[in-house]
Amino acid sequence: MSGAALGLEIVFVFFLALFLLHRYGDFKKQHRLVILATLLAWYLCFLIVFILPLDVSTTIYNRCKLAVNSSPAESNGSYVTLGPSKQKCFKPWSYIPDGIMPIFWRVVYWTSQFLTWILLPFMQSYARSGGFSITGKIKTALIENAIYYGTYLLIFGAFLIYVAVNPNFNLQWNQLQTIGIAAANTWGLFLLVLLLGYGLVEIPRSHWNGAKRGYLLMKTYFKAAKLMTEKADAEENLEDIMEEVRKVSESIKYNHPLRKCVDTILKKCPTEYQERMGRNMDDYEDFDERQNSYPSEKSLAKLHKQVIYSVQRHRRTQVQWQILLEQAFYLEDVAKNESSATRQFVHTFHSQEPENKIIQYFYTPTVEWYWECLLRPWFYRVLAVVLATFSVIVVWSECTFFSTKPVLSLFAVFIQLAEKTYNYIYIEMACFLTIFFLSICVYSTVFRIRVFNYYYLASHHQTDAYSLLFSGMLFCRLTPPLCLNFLGLTHMDATISHKNTQPTAYTSIMGSMRVLSFIADGFYIYYPMLVVILCIATYFSLGTRCLNLLGFQQFMGDNEMTSDLIDEGKELIRRGK
């Protein structure tokens, strides 16, 4: 079984990342390089989360072997026995041979850092460029990223000059590398705590509210009113852009040098607009440079960029509207069926897609009624209580993990109790559940947040290339500090535990943060405590209230504007029927 667990997880995580990317991206329409870069970024980040528990169990076994080397011992193949006490040290089923994990972490970490700081920002600019050739898009991307890259080079160059001039500093290459890693992790930890504080409260609360049918229906009506406004705005914006395209298409004739650029723009337009413009086009009329003022290639590139954005936004709002209608119809059906005497779930509209026969056989109308009207609310309540318990443990551990005598972090207590008996299955499960919950809190927030229309992860293949690449950048920047924070919570990081023991392979790749003591002993320890303030702010919906004051309407039950939007959404759903 040596190394088999590592291989299985590598394969499983790849298909998990592929499944999620298929849900949000569009493999048929988006550029292959965008899909591959995003898939690689998501895959590497998920891989770190899944493999780290194996690193912990292997490290605990290696510590046991070091204890054997310092005591009289007997060896018996799968385990070793320590000196006079005859304590057995069993090899974990998922044991990874020496030398594999350091190489693995080094490749994964530096590849993810190359993606997040160099490749993905460049590809973002490339994807949003309206250029008509590869060379033009690369040129635009280089210009847009010049300030981005130049700032980092300026800071790094100034630091190197300071180190070279100051005689008190005698830094080696590995120390400079550690400083670079510490700087990246500090930036990531700053963002990590913000996202974690939101997820620790919002995830349990969303599941608790998921048991309230009336709440879900009212929120769906609210979403319908807001989405209809966005949908109308997207349609109006598309009409304006298409009118500009029509004027450009009519002014630049078939034999104009820029006609190829116009044809490229027309191919990105919806089919009905292409047909309409084609009927109004006179291909036999020559152009005359003296009589007409023609747009430049730069202005056409800007128009091309606007067309891509407006068409994608229009398509996304259309798809989201249909999905929201189906959700509203289903929630209304659940409300009607709750009082059904026959206990048979009756749908107002049947799905147009053919259902799987196996699902039809087992998920009968009676089973559906018991699940939707009786069991599902209780399941969500129980799940919300479990998640809330995990959140409380995380908050407590974040505020106390720096204490080693006594050990106050509950995650560290659990791991240390299992370490005494070398119960590797329990160690790996405890580590996996801990880091998986932390990852869900952070990653789900990345999937939920929306920065106007610039960054928005929309399911059902409606996410644009820019947002996919930006999510890959966020994951690559958040995952390393997330893992270091997890190792600190479990006291597997020697910087926190203050023990002279063998570090995990992941920690050894990060280097000793003692090079920057003010970060190791200050920021990394005390900054995560701010998660308490963020959790309180999220619990009382302070962010939502601030957005409401700024004019960005959010769902709030005690708000008059919310009630008006609910009534408007209810009427829109009624018309949709």
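Placement of Cβ uses the backbone N, Cα and C atoms for every residue, glycine included.
Summarising the annotation, TrEMBL assigns coiled coil to 224-251. Confidence annotation: the coiled coil (224-251) carries a mean pLDDT of 92 in the model.
The annotation transmembrane segment is assigned in TrEMBL to 6-21 (among others). Away from its own ends, the transmembrane segment (6-21) comes close to residues 35, 38-39, 42-43, 46-47, 50-51, 54, 94, 96, 100, 104, 468 of its chain (Cβ-Cβ under 8 Å, at least six residues beyond either end).
What TrEMBL records for 33-52 (among others) is transmembrane segment.
The transmembrane segment annotation in TrEMBL covers 103-126 (among others).
Summarising the annotation, TrEMBL assigns transmembrane segment to 146-165 (among others).
Annotation source TrEMBL lists transmembrane segment at 177-201 (among others).
Counting residues 6+ beyond its ends, the transmembrane segment (378-396) has Cβ neighbours under 8 Å at 196, 200-201, 203-205, 207-208, 210-211, 408-411, 437-438, 441, 489, 531-532, 535 in the same chain. Per TrEMBL, the feature transmembrane segment maps to 378-396 (among others).
If you look up TrEMBL, you'll see 425-446 (among others) marked as transmembrane segment. Panel annotation: around the transmembrane segment (425-446), residues 49-50, 52-54, 56-57, 60, 92-94, 192, 195-196, 198-200, 202-203, 387, 390-391, 394, 411, 414-415, 418-419, 457, 471, 474-475, 478, 482-483, 485-486, 489-490 of the same chain, lying at least six beyond its termini, place a Cβ under 8 Å from a Cβ of the stretch.
Long-range contacts of the transmembrane segment (466-489) within its own chain (CB-CB distance under 8 A, at least 6 residues past either end) are made by residues 21, 24-25, 30, 34-35, 37-38, 40-42, 44-45, 48-49, 52, 56, 109, 112-113, 115-116, 120-121, 123-124, 127-128, 181, 184-189, 191-192, 195, 394, 397-398, 401, 409, 411-412, 431, 434-435, 438-439, 442-443, 446-447, 454-457, 495-496, 504, 506-507, 510, 524-525, 528. Per TrEMBL, the feature transmembrane segment maps to 466-489 (among others).
The transmembrane segment annotation in TrEMBL covers 523-542 (among others).
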